[in-house]
Amino acid sequence: MGRKLDPTKKEKRGPGRKARKQKGAETELARFLPAVSDENSKRLSSRARKRAAKRRLGSAEAPKTNKSPEAKPLPGKLPKGAVQTVGKKGPQSLFNAAQGKKRPAPSSDEEEEEEDSEEDDVVNHGDLWGSEDDADMVDDYGADSNSEDEEEGEELLPIERAAQKQKVREAAAGVQWSEEETEDEEEVTPESGPSKEEEADGGLQINVDEEPFVLPPAGEMEQDAQTPDLQRVHKRIQDIVGILRDFGAQREEGRSRSEYLNRLKKDLATYYSYGDFLLGKLMDLFPLSELVEFLEANEVPRPITLRTNTLKTRRRDVAQALINRGVNLDPLGKWSKTGLVVYDSSVPIGATPEYLAGHYMLQGASSMLPVMALAPQEHERILDMCCAPGGKTSYMAQLMKNTGVILANDANAERLKSVVGNLHRLGVTNTVISHYDGRQFPKVVGGFDRVLLDAPCSGTGVISKDPAVKTNKDEKDILRCAHLQKELLLSAIDSVNATSKTGGYLVYCTCSIMVEENEWVVDYALKKRNVRLVPTGLDFGQEGFTRFRERRFHPSLHNARRFYPHTHNMDGFFIAKFKKFSNSVPQSQTDSVLLCRSGWAAVVQSQLIATSTFQVQLILVPQTPK
């Protein structure tokens, strides 16, 4: 029936397969440490280093080397009591003469090393396994690793053994390829490689071979207009902008600058989907390189910003609460003590418990600037003439610490509902809501210390929020807005008390970048009322225009500030701050009559001449006889 199993003599098995693969701490640590010998040399694998050592030894002792199995081993000390024997396949096995046990060897790495030694027909010496301590390598359970490997080999299926052999062959081929590559790199000398000058010449030659840009013919332009290829259009835009930067040297013979500009205007309108009117205005406003940056910035939404309500909390507490909810944010900038910019959020930022509790207000970065320029003080009477949706009103209330009185007015009753909701949520208690046309305000109530006028405009600074502005605005819309803004601004100036001890200031702002809605309106107010422009107190932003094309404005308009999306990463905005120095209204020249003597016997014509500053009634009267 076979041998009986004696449980007392049963040999204890060692750890499992995974545990055997885990080497000692020194071996594992060596993988993460740099080579001690040469830090600058290329790091080779262990087998590659062995091969390099064998090649050096072979070249030094070429006469003594013999490829027969009975050849003497390479120089290297064997452990004490070890005897060198030759197996059937050629690789040597080291036996411990004292204990009569085979020396332990690793399962996979050693097999690869043995196969490498077979390929080279050189007997491998035990550099790595030649210590005396290795002769007694027995695991914690009393079983040697060699017997474990034999049992493990028996457990493997044939297909698994074939896969292991395939891996060994692939690894050997990869090492051989890496060695050949390193040898090739060593053979390459600085003289054989191309010099930097030759490479530079080659690069210059490539640049010279590039064909210069040529304006397409009219037929191709019409075809592009019908079925535009946006990639070609974008490339043509870049080429034309590059030519216009150095027009004298790069222009095509016989082509004028106007031809390039017309082609560029059509391509920009096609690529960015702008109307001809607005694009022409923008081309007059910006240089060409800055124009493309502005158009690109309008294609990207502005960052989400929020303002901390200091009536209820502090910015650090709001930031920590939102961070705990998975919101990635940062302080808005050095210029704001209450603003935060949100990069991304795992929760809806406008529906968090903190938002519903009134701890912060979603507000654009540019809309905080007018309130900072106005700088409301405590216990003042302030008018917000166009207040909806209430962001600026609530910001003024928190700066005033709910003291004084704020009159929040808006001509749109529907928009006032959002103002009421926001003021209740934010805890504002010093504000009165009114529904009047702003042009009637001096008659309704006046005598305010400060007035904020965020006038209705064309919205050309917030195209990223409302892309419809690209095509639905024309000259009439701009002039209509400018006329309304002039009327509102005069009413706002009349509502300010020039004798106020702390105030007498007015801030005019729009979310438009058109000169007709900004500098023209301000220049008109400077001529019609006793006011002057003062610095806004904002330490960034571009200065207002004192001259634009054929127009010349008041020199103090350099105190105004312009903000653009491509330079400040906020909505386009214009801010001007007035100081009223007299409550009297200058003598209106509308009713003045200019008498012109002529040879006519009677009044022949009465004509009303309108200008940007005043109106004159021209009456022709007969010349008196001498």
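Glycine is no exception: its Cβ is also placed from the backbone N, Cα and C atoms.
If you check TrEMBL, you get these features:
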type	residues	note
BINDING	Cys386, Cys387, Ala388, Pro389, Gly390, Gly391, Lys392, Asp410, Asp437, Asp454	S-adenosyl-L-methionine binding site
COMPBIAS	108-121	compositional bias 'Acidic residues'
COMPBIAS	130-157	compositional bias 'Acidic residues'
COMPBIAS	178-189	compositional bias 'Acidic residues'
DOMAIN	294-581	domain 'SAM-dependent MTase RsmB/NOP-type'
REGION	1-203	region 'Disordered'
One finds that other Cβ atoms within 10 Å of the Cβ of Cys386 (S-adenosyl-L-methionine binding site) number exactly 20
Local confidence of the prediction over the domain 'SAM-dependent MTase RsmB/NOP-type' (294-581), expressed as mean pLDDT = 94
Longest inter-residue Cα distance for the S-adenosyl-L-methionine binders Cys386, Cys387, Ala388, Pro389, Gly390, Gly391, Lys392, Asp410, Asp437, Asp454, rounded to the nearest angstrom, is 20
Comparing local Cβ density (other Cβ atoms within 10 Å) for the binding-site residues Lys392, Asp437 points to Lys392
Which ones in the same chain are close to Gly390 (S-adenosyl-L-methionine binding site), with CB under 8 Å and 6+ residues apart in sequence?
-> Ala408, Ser418, Val419, Asn422, Leu423
Looking only at Cβ atoms, how many others are within 10 Å of the one on Ala388 (S-adenosyl-L-methionine binding site)?
-> 22
